[in-house]
């Protein structure tokens, strides 16, 4: 398995890139967003990483250690420990990692479950950790935190019911916990002298429910279960009987995906429809409610619950004050694969990214989203800023080129039917008079942009397959297009015809001009970085770009001394152009890197990946 080798083995002598900031949050992890008991930090997963984000400042810490996506997170009541579980490949062991919160480092790796860790919970006095395996594993295991070893385990659910998917510990006793899932609700007692756990099945009579979320009252008097049918069950852990259920009518649309008990009584309930409700037993009628974007997956209280944080599937994190019950959006990020990243000319203060249906403009230093432009049900494949900064040009899969104003997001103009099978790549000239676009059918088209008009100057039909990258020469007299048919073509933009063609046995993904413009560098699915002579299209040299996976993104500094690459090995690499050697490696992405850019002024490197993450690295050389 490739997953087992450490990525740093490839480039032993390279220094590590410093990760400055991450924009990203995996909103699909159930109860993945947690507020730390110190009330100053939020903890949430992104891919293989766990982020510790200070609530009041921009400070971030990263916990690296998982080899695959994080599937659950838990924090102990005292706040000393964090536990996280991951998914892995079928038949392999999935790790639970125990982290020391104060030192921000790994304490122990607990391996027993196969395939996936479904849920984790700490006992109230930090003595035990209980873990639930995924559908291929189906067992529940109790771990001793001091000894860092398993005490005992048992199958989580009976033979004729579905899998258990959630677990919660008692709030007072270290010996009792509850698991629930598809048709099963069990209260477990830990018998330490005999190293056994004894389950008792809870009786719900005729009701058959699939449990999505679970919460325990502060005095252990009751626990509440949110179900996929949109109702709430209230159970008594001592008698194991159903106390009440509700609401009778108007059930929560798309299920109760998050639930949390408040100290003063009452429940906070989040639905799969994005509704956040405060309600009370036994009627469960909404007392206060707000509508959020995306299905609610986490509700986490800050302190007693005077303020709380909500995470949704669309990767939004909201802060809500309980008294006025109004939401404030505090963190946003892409929740689809990010296709492109681009800086405006000459400034590193802002940058723009595009993913699926939206283009977003970010403030670099604060990671704040300044603007969002959404075109529903379409996919944006590429963006570019006009040199004068007055428009963002974007390429869409419906074959249109759309231009937006960068401050307001107003649609300025649309070029309809620009390409037959979607627009896949786009570039602009520095005099702001031309757009060069590439399509899924392989055509390269040059558009003249007037004051009110956009007209086609030439359609250049040479490529046989989609155009993946376009770069224009500084003088605007020449451009290079890379295509997945294994050719790179250098076009004369004055005579509008082909100058030179480069052939290789690869799907080209990215191309860059050396700043002196007598050479270009390309890369793609054959993992080779090739230097070519622009004049006659001959190959100068080839380097191994990575040991595993294609190279998808590449950018070169204005001086041409260094360039950066990123690809399916999840590593950001900084190269010395003349030596052809890796000087720095950045480890932090957990998805395939799709594009990468060096900021104007060489302060940062920004890389984007298929899991929706945007990472900002410190540029390693003094500019």
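All positions are counted from 1 along the displayed chain.
Keep in mind that glycine also has a Cβ here, set from the backbone N, Cα and C atoms.
All TrEMBL annotations are machine predictions without curation.
Pulled from TrEMBL, these are the features on record:
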- 110-153: repeat 'WD' (REPEAT)
- 416-449: repeat 'WD' (REPEAT)
- 460-493: repeat 'WD' (REPEAT)
- 548-585: repeat 'WD' (REPEAT)
- 586-623: repeat 'WD' (REPEAT)
Sequence-distant residues near the repeat 'WD' (460-493) by C-beta distance (under 8 Å, 6 or more away from its ends) are 421, 424-431, 434, 436-446, 499-513, 517, 520, 522, 524, 532, 534, 537
Tell me, roughly as an integer, the mean pLDDT over the repeat 'WD' (416-449).
93
Structural state census, the repeat 'WD' (460-493) (DSSP three-state)
0 helix, 20 strand, 14 coil
